[in-house]
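K.L.:
Got a structure for you, written out below as structure tokens; questions coming shortly.
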Amino acid sequence: MGGRCLFSLAALLLCPFHVLADYCEYPLVEESVLTASSELVTREADKARLYEEHAWSAADNNYYQSLTVDLRKRHRVTRIATQGKQNTREFVSEFVVQYSDNADLWKTYKNPMGLYKAFPGNEDGNTVSTNLFETPIIGRYIRVKPTRWRDRISMRLELYGCEYLPETVSFSGNAMVVMDLREFPVDSVRDHIRFRFRTKEPDAMVMYGRGTQGDYLALQLVQNRMVLNVNLGSRFLTSLSVGSLLDDNSWHDVEIRREQRNITFLVDRVRVDDIILGDFKRLNLNKELYIGGVPNLQLGMKARVNFTGCMENLNINGTAIIPEMRQASDYYSRYNKRPKYSLINIGSVCEFGISADQTLTFTTRKSHLKYPAFEDQKKINVSLEFRTYEEKGVLIHHKFTTYGYFMLFLDEGKVKVEVNARGTPGLVVLDNFETLYNDGQWHRVMFVVMENRMELTVDDVPMQTVRIISVISGKHFLIAGGVKGSPGFLGCLRKISVVGYMQKPKDEEIMYPEGIVRAACQIIDRCNPNPCEHRGRCKQTSQEFICDCTATGYSGAVCHTPLNPISCAAYGIQNPGVKRAEIYIDIDGSGPLVPFPVSCEFYNDGQVHSYLSHKHEKLTTVDGFEKRGSYVQNIIYDAGMEQIEIFVNRSARCRQRIHFECLKAKLFNSPSQEDEDFLPYTWWVSRTNQPMDYWGGSLPGSRKCECGLMGTCVTDKWCNCDGGLESWLTDSGELTVKEHLPVRQLRIGDTGTPLDGKKVRYTLGPLICEGDHVYDNTVTFRKADATINLPRFDMGHSGDIFFEFKTTVRDGCLIHARGPTDYIKISIVGGIELQFQYEAGSGPMSVSVETSNVLNDDTWHSVLVERNRKEARMIVDGGQKGLVAEPYGPVRAIHLESDFVVGATLDYRDGFVGCIRALILNGELQDLRGRAEKGMYGVQPGCVGKCSSNPCLNNGTCHEGYSTFECDCRWTAFKGPICADEIGIKMLTDTMVRYEIPGTYKTTIAERIRVGFTTTNPRGFLMGLHSNLTGEYLTLAISNSGHLKVTFDFGFERHEKVYGKRTFHEGQNHDVKLYRSDSGRRLTMQVDNYEPVSWTFDVKGSADAQFNNIQYVYIGKNESMAEGFVGCISRVEFDDIYPLKFYFQQDRPPNVIAESTSSVFEDYCGIEPIRYPEEEAETRPPPEVSEDVLMGLYSDNSAVLGGVLGIIFLALLCMGFLIGRYMARHKGDYRTHEADGADVAPDADWAVQHATTGPQVKKNTEMYI
């Protein structure tokens, strides 16, 4: 290359000249000064050094405590180590870090998301916890602010780093550094650029390099944000933007890392990662690389002015550029093959302090300036620049000497002037600017007032007004406030001129100086990074941000809560009765995926069908594509593939119909055996981009169409179209393998040329899915101490919990999780209130929703709990809401370390009994049912209560308790725990029970009568209904032959019907049911479990079958009978009247009486009560303990365990000895053998007399061994 050489940015900078020292890990606290916001006696701040015997302890345990380290000079701090108070539980478990150069202007260390980084602290008082600063802190003062602690705020700490040696260069707007890369061009695959800067200008060109092949790198400030535009030679620009309010005259850290096409851009530790567009991976720069400005407009530039400010320690891959460019010479450049530098108007000193433009930050509305004025002037000219997010605030107020005043102020974000002066009729308000100026940008305003003329200029746009006015200047100008009845200004002011020039405020001119920050603009951009989720638009004031969620599909303080249902099933639950709907669904709830349109169909049997359409559902003709799969049709659905995958996986079944018509064109070119290559002309592609070897209606791997699978093809081929006939044929069917759906692409071939007659027509239907695993994901908690433990839930700064529950209990804990100090808990209280309790380091908080209807009504209720940076809220049943605002100050993330427990608290208390379904955490469905199906204590899949097995007999009403049940027997003729205990009466010939129907009596046309009885008498009156008013009656009796007989007269004629299949006086228990139907024309009798017998009556048109004015119900006999039924009668029932139950209840009503010569008592008629079988008792399994824990316990306690076992063994030996002595205390002799040869003796005497050994037997002695 003729002496020229290529080098990368890495090579540009990998030289031995001014290489930064690598080691920067020296302890810094030893030589520092420590101070604290408060301290206890003997626990002062200077005792906060690491490994000290004592520690610093704050006097108050609140969130306003801090420990400050003065390093005496600026240092580069790389890490921090902390301890608590030795051998105590006093320690800080979380803290934030602030840093400053002057102890006035503080900046907080942020995480890559732009939020204040909460560093994890200690877990005990002794262990050292170390945190690294990924981007080192540059500053003199380091402040640690505890945000969480255990018993008390106590801390010991150490900072590690090294002294910061700045290499500074300043730019004045017409200065720049030029690196000539023409001789040594850049050709790199990786780059690393790092530097610090500060400026007061919102727009500036910071760094620019370009090559002849279209590569360029442009780093610039655009509206006080840092913008990086980069191109590696493609047609596409990659633009990254990060940071805000970078023109605040404070130091900011910038870092760029590139690895081929992967690029990371950081400003003040806020991080953006991206992939550079295009296919190229190398950065080729072979022209100039400009620093601080450019001579003319270049490609990729947005800023139109050069940089004004300071730059510090510009490093690329560890090499310091600033000292090199100052000392490099032509000889050095040639010898080390380094670029040449041209320095144009640059400076080497960057002053830090109160600048010439007098930038001031007003943090309270009462703080203001009081500048003196030149009195008795007839012309007043004032100007300033302001920056604010507030809608209201005074800018300048001046009272005239003679009469009146003028006030320059903000109202509703607009700049206005209010003038009241001599000769002016009324109050004059200049309000012609419609632009809003509370956007956080710098705006310049100038106001001139003189005799009969006023002029207001905002951002160089003038507005003049001619009026009759006379002014004479007064003594003072009030700036930023001090006007009674008008709100003071909050924000930043600079370049304040009220007497013709800018002036430095004197101490006596500053009112309430504690609310003013000098030499910097310290307002906070609360909208960067955007705290509003889902593309919500962020607005802000000085104190808070506001999210505008219009047209986002979400709601809430941060646009977190979805407005669209999660599925068609959810929509159907919210809108009962709907049959069809075109809606948008949000498949992941509050997650990042956007809603998409579906069609929903709802059926009477509860089925729900969801239709997802695409853009290619019409019949399409294909011609002229001869090669296999040469026609390509990508299917564009109304949703992205990531959304569709969740949509399909959550469905129970999915299908998609594919229809193919052919004229002489082949489809699969079948038959094709498994050992042959599958070479179809046409195929479809699954959602995983796999070509499929089957058609609609067939099976995967079959290489067939539906007709081939069923054997119905028109030829011996496996598809109709493979016959190649000169007529239109069809192959169609439904694709039903859910894992393959939807169809992502269609590939078609063998359609010949436009002239050979081969053609294909196809249609692809919408994706249709049924079922919803969200609402099928149901479990039942049968035990109050049963739980499902899910993995730790990271709720963080923003999180939501959704579920539905059904229960009959009044109280119970639904959700519980906790950390060292934080926790969340969702409970039902009193059956009418849901409560969300939590703590995030700022004390216990609670949100409650008290509902108008009861929650323990055994119906499904939905609960949505959301906690974000602004508030916590709860929504019950989609409408009833409760919320609590987060306290003012930094919002802390909820830090949870335990399992996410469903069904009770972590210690199995206050348990919930009932059903829970559709548990979704931050948009992710939790598989409760899958866990329950594996077998869990007290939990079962589905929503199955105790009443599902119908334990209440005889139409008793079962009240669900899920862990128990209760039978309501009020509307039965029975009693007992399951309504199975008979209520009967022993009947004698003179026993009668009469029930008088109260009120206006009873008229029926369809009676329901039931009687149980047992008797041995072949005749007797069982039950009767009678009306003295109409003479109508009905009797049920046993006839003289022992058969059942029913006799009635309802006004149209008398009827008598006999149930003659068998006799009923054999002493067995019988159950008779009698009821009328068909408007009284049909009478049906059922006895025991025999087939019912029905009789139909011809009721004439002029008559009716009503039983009118029934007055009495008789049991056993009535007043006209001499003898009644003998036996036992039970379970007597007439519609909702139960005479025997009423008679024997504790508070007997007066309208039921019993007459008998003997005592009347309750009897169960020989029928034993039925009892519900007891369930097998469940026992909570012991907690799982890992083998390591067990081994640790054994190893730690082996000596103690051995000693205890030894003592127990000795005690057992002693006990055995004593027991043996006790058992052997009666010693003596006894006979042990009977007489020999007397085995068959008939009695003892005969055996003794005839034994071969005689009566003498051997003596044995028992001995204890």
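Including glycine, each Cβ sits where the backbone N, Cα and C put it.
All annotation found in TrEMBL is predicted automatically rather than curated by experts.
The signal peptide annotation in TrEMBL covers 1-21. Residues or ranges marked as domain 'F5/8 type C' in TrEMBL: 24-162. What TrEMBL lists as domain 'Laminin G' is 168-350, 358-521, 777-943, 984-1165. Sequence annotations record features per position, and here TrEMBL assigns domain 'EGF-like' to 523-560, 944-980. As annotated by TrEMBL, transmembrane segment applies to 1199-1219.
Structural setting of the listed features?
P.N.:
Counting residues per DSSP class in helix, strand and coil order gives 0 helix, 10 strand, 28 coil for the domain 'EGF-like' (523-560).
Long-range contacts of the domain 'EGF-like' (944-980) within the same chain: residues 780-784, 807-809, 858, 913-915, 1010, 1130-1133, 1136, 1138, 1140-1141, 1169-1172, each at least 6 residues beyond the stretch ends and with a Cβ under 8 Å from a Cβ of the stretch.
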K.L.:
For the domain 'Laminin G' (168-350) and the domain 'Laminin G' (777-943), decide whether they are in contact, meaning at least 3 CB pairs lie under 8 A, counting pairs 6 or more apart in sequence.
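P.N.:
Counting Cβ pairs under 8 Å (6 or more apart in sequence), the domain 'Laminin G' (168-350) does not reach the domain 'Laminin G' (777-943), since there are fewer than 3.
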K.L.:
Tell me the residue counts in helix, strand and coil for the domain 'F5/8 type C' (24-162), as DSSP assigns them.
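P.N.:
Summed by class, the stretch gives 6 helix, 73 strand, 60 coil.
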K.L.:
What average pLDDT does the predicted model assign to the domain 'Laminin G' (358-521)?
P.N.:
90
K.L.:
Give the residue counts of the domain 'EGF-like' (944-980) per reduced DSSP state, in the order helix, strand, coil.
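P.N.:
With helix first, then strand, then coil, the domain 'EGF-like' (944-980) has 4 helix, 9 strand, 24 coil.
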